[in-house]
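Student: As annotated in TrEMBL:
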DISULFID  Cys106-Cys138  disulfide bond
Amino acid sequence: AENVIRQLQKIYPSDGLLPIYINPQSGQASYSTITFGAMGDSFYEYLLKVWIQGNKTESVKHYRQMWETSMEGLISLTRQTTPSNYTYICEKSGGSLSHKMDELACFAPGMLALGASGYGPEKAKQIMNLAEELARTCYNFYQTTPTKLAGENYYFHAEQ
């Protein structure tokens, strides 16, 4: 598993956002969707968890560094609706953004809250605020349906 991470570090983009498909023969990222939803969520979650489970030692520091880089990428994908002020995470394909958020991306508020403590005070507050905003959106995924069961995907449209 560590060898895979070393290979990923060689191609790791400056925004920390990897597509959901990587060619297993070449190790190169393919032209595919970047998402914190289905098929993308676990990678980002486990970068943080390996750092924590590794007791935050020097030998696992690169996981935290990769995670922090990815969180800057996540921030670049966040948008806010008007007039409801829901914060959501877009998906990306190539250079275009899709204003779609999977319900599976609702792990992100907890992940952000868990990782906030590894930052300095100012950045930790920014990350916690984002976690709270995203948690509000996810909560409303459930609360706005008659059954209180969330859908799989949500599309956000301007002024709606």
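Placement of Cβ uses the backbone N, Cα and C atoms for every residue, glycine included.
What you see is a predicted model, and the numbers here were worked out from it, not measured in a lab.
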Student: Give the number of CB atoms, excluding that of Cys138 (disulfide bond) itself, located within 10 Å of its CB.
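Tutor: Taking every protein chain into account, the count is 23.
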Student: Only counting partners 6 or more residues apart, tell me which same-chain residues put their Cβ under 8 Å from the Cβ of Cys106 (disulfide bond).
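Tutor: Leu134, Ala135, Cys138, Phe141, Ala150 - these are the non-local Cβ neighbours of Cys106 (disulfide bond), listed in sequence order.
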